[in-house]
Structures are given as structure tokens and as C-alpha cells.
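These come from TrEMBL:
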type	residues	note
TRANSMEM	A:12-34	transmembrane segment
TRANSMEM	A:46-79	transmembrane segment
TRANSMEM	A:91-110	transmembrane segment
TRANSMEM	A:131-159	transmembrane segment
TRANSMEM	A:188-209	transmembrane segment
TRANSMEM	A:221-249	transmembrane segment
TRANSMEM	A:261-277	transmembrane segment
Amino acid sequence: MIWVDTVVQGILLGGLYALFAAGLSLVFGIMRVVNLAHGDLIVMAAYLILVLVTALNLSPLIALLLAAPLMFAVGWLLQQLVLNRTVGEDVLPPLLVTFGLSVVIQNALLEGFNADSRRIGAGSLEIASFSVGPITIGVMPALTFATAILVTLALQLIFYRTALGRAFRATSDDPDTASLMGIRPGNIFAVATGLGMVVATIAALYLGMRANFDPTIGPARLIYAFEAVIIGGMGSLWGTLIGGIVIGVAQTVGAAIDPEWQILSGHLAFLVILLVRPRGLFPAGGR
Amino acid sequence: MADAGTLLSLEGVTKRFGSLVVADAVTLDLPRGQALGIIGPNGAGKSTLLNLIAGNLMPDQGLIRLNGRDITGTSLTQRCRMGMGRAFQIPQTFSRLTVFETLLVAASQGRGISESEAAGDCVSILERTGLLDRANQVSGSLNLLQRKRLELARALATGPDLLLLDEIAGGLTEAECASLVGTIRSLHAGGTTIVWIEHVLHALNSVVERLIVLDFGRVIQDGAPDAVMASREVQEIYLGIEA
């Protein structure tokens, strides 16, 4: 039974990784650009929520509702003012620029908040749990997982059922031909990055409520997110959720064997899938 | 300056690639409702001229006007929204959009209207271009003729005053070509203004009422198709026939 419990906890942990990855997957799916500052932007959003919670004495959920549009604006402006200048045939400029952005964000957060680790208080929710048969499930991990499913479902609906989603797909397929249809690719990319930042803010809420964070943990979150996207198949939203779950389960199973293996097991699972299915489990194109 | 009935006008449009002049002071007025064919040997500058009109390229000199408005420095997107639609020789279909979705995006974004407002028009365009039974098929899975029809339909969905056709008959069988030409002819009969560059001359000449011939970026003939094709200069330069 302990293994069933381990796998269940891994699946729930995978929800957090899927949330880290969903914004990255969305942006990659539309622009074919990997944002190396994604993890740092999640951490930045966590600090924003923390500031709103402490300075205005808001509940984390209300703080999220305020932080999400602010982060949308951050993403939109970032894309319009900086990243749109780098998008093109050459994949190197966006990588270099977002790498630089990652360094800038980390240092700005260090300057503004120092290196102490912080946490967003969630009150009794932090330790609340319920039982399903012999398995005890934490309310926070269950909420995280449910949110990951809802976020994936919402993104999927936007992508395949709305006018914006059709514009996303057209621009993603061929920005030049999309321009001939009256679409401004730069605007579509900016909306996509803004939406990615809204998802990153949701991920930041759970990151901050579940564990301590400090200005330097962004790159590790990026690696988990990146692995989830690659395992799922670049650009596939449901695949990204599965990718997060694979990493989560691999980590909890690894930790059950030996606690020192937790992080390594996730990376090993990523490498194995990369070797067996280099394009991931559900490459983009399938719904 | 062109008169009020002129939809498109080019004034001294020039484009150079290094020392090579690919559009040499091209000047022409296109009346509303006219179908203009552009022919010329390979490398004459036909595609360049269409790219200059569409906004894929910017001229080094000269002015381009649409509906009397200077559009010389405007982007592809702006020209689309001002009433210019373009169909390519190699169909630019979207692998993740169905045929109907492609038209919905083109109609709503190109005209700045909602998808629900655009839906009726899209159905009508699907009928006119013979794609109604393919509406829910993913664009990437269409055959060549269907993809060319979709090119045409996509351009029409943006509600263009001016339709630019870029060797759209290329690569089709005779029967397919005749079918596509029938569609284009009916569009023109409905009042659509067309600029069409094409190597398949019989297809082109069965639709257009005016033909210009380009050679080394210069307009060397401009007139009714029969007169242009019969001219000695065209036969010598374009067809390689010693008159």
C-alpha cells in the first residue's frame, strides 16, 4: 500500500510541476521560444503575492486575483518591448535575452527582498488533509493538482474553442500568412506571454504556499517546467500535465527508495523519455 | 494622380537588390473592377512587383496608393485591413486550423468583425470556392487543388477590394486549372479587382482584360491581352520567337 500512497503523492506533486510548465508550454506552442526566465518570473510573481498579502493584509487568493492582471501586464509589456525584437528564424536571440532577463530578475529580487527564504501563509490549509481509504491526502496538494487540471482545461478551451485561440494557432503555424489575414503577430505573441504570466502567477501562489522560496530558486523551477514540457511533447498542453505527473511520480518513488534520490529520479525519468521518445509522449498537433 | 475610379496606383516604384534593378520605375493605374494580368520571363520581376504591392517588400523609390491613400510604408497586416488579399503559388495553409477556422480568422481579423458576424460570409465563400464539403477538414490534409482553393478563399475572406493572385494555377492539371479559373472568373464577374501574375497564359488570358509585360523590372507592354500577345516585342523577348 505504501507504493500506492507514494504514486498518489507523486501524481499530486506533478500538478505543481505542471503548473510551473503550463505557461512555458503555451508560449513555446505559439512562438517556438523557450523563455529561460520563466522560473524567475514565477518567483517574481510569488514575491508580488507575498507583498500583497503582507502589505495589504489580503488572503492569498485575493492577492492572486490582483497579481494575475499585473503579471499579465508584465508579460505583455515584456513581449512588446523586448522579446518581439528577438523572435524570428534564429532561436539564439530569445534564449540569450531571456537568460539575461533571468539574471536581472534574480538580482533585482535579491536587492529588493534580500536572500532570506519566504513563505506565503495559508493558515490551516497548509496542514489540512483528508483520507481516501488508507491513503491520506493533503488538501494543498489536492488543490494544486485540481488547479493544474483546471488551468490545462482552460488553456485548451482558449486554444481550440475561441477566436483568440484560432489566432494563436494561425500565428504559431505561420506568422507571415497570419499577417496577410489581418493578424498582428506581435500583439498575439504579447497576449500569449501575458496569459503565460497569469498561469505563472497561479503556479507562484502554490509554490509560495507549499514551500519556502528565495530569489535564487527560479532556475530549478525552470528545469522542472522544461522537463515536463519536453516529456509531454513540446506545445502539447495535456502532454505538459502528464509530463509534470511523470516527474512528480519519479521523484516520490525515488525518494521512497532513498530520500537522496528524489530530485535525481525526476531528471532520470526525463532522460529516459528523451532517449525513448525524443519528441515527447504527445508531440504538438494532437489535441 | 489617379482618378477616383482607380483602386491601385503605382508611381515610379523602384526596387533594387544590390546593383540589380528588379522593379524599374513601374507606373500603372488599376481601375476598380479590372482584372490585370502580369507576365514576363523568369526573373523579370513579377513576384517582386506583387511583393511590393502586397507589402512583403518595401520599394526604394516610388509611391503605392490604394483607394487614393498612400500605403507605401504600411505593413502586411495594415494592407490586409485596408482591403488587400493575396493568394500564393505555394499554398500557405495552417496545419492546426480547419478550413472553416482559417476563413473565420481571416474574416474576423481582416475586417475587424466578430466571428459570429463573419460566419455567414465564410459559408458563402466556401460555397463560391467549392470547399463547403471540406469545411471541417484540417487545412494541412487537403490536396493541391483544394489548398489552392483555400488560398483563394482565405484571401477573399478578408473582404479585399483588391485580390492579388501569385501564380495560383501553377502545378495544377488542365482540369483542375479550368476549375480554378472558373472560380476566379466568377469572382471577377462579381466585381472583384484582380492583379494576377501567372505562367499559365491561357488561364490568365481567359480572365483578364488587361495585360502588362515585365522585362528586367520594366513594363514593356500594357494593353488588351490579344494586342499584347501579338506584339513583336513580346514575342521576341517573352516568347523567344523571332518575328
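If you go along the chain as it appears here, the first residue is 1 and each next one adds 1.
Any Cβ shown, glycine's included, is placed from N, Cα and C.
No curator has checked TrEMBL annotations; they are predicted automatically.
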Which stretch, A:12-34, A:91-110, A:188-209, A:261-277, tops the Cβ pairs under 8 Å count with the transmembrane segment (A:131-159)?
A:12-34
With Cβ-Cβ distances below 8 Å as the criterion, list the same-chain residues six or more beyond the ends of the transmembrane segment (A:261-277) that contact it, or say none.
224, 227, 230-231, 246-255
Which sequence-distant residues neighbour the transmembrane segment (A:91-110)? Criterion: at least 6 residues beyond either end, Cβ under 8 Å.
31-41, 43-44, 47, 78, 82-83, 215-216, 218-219, 222
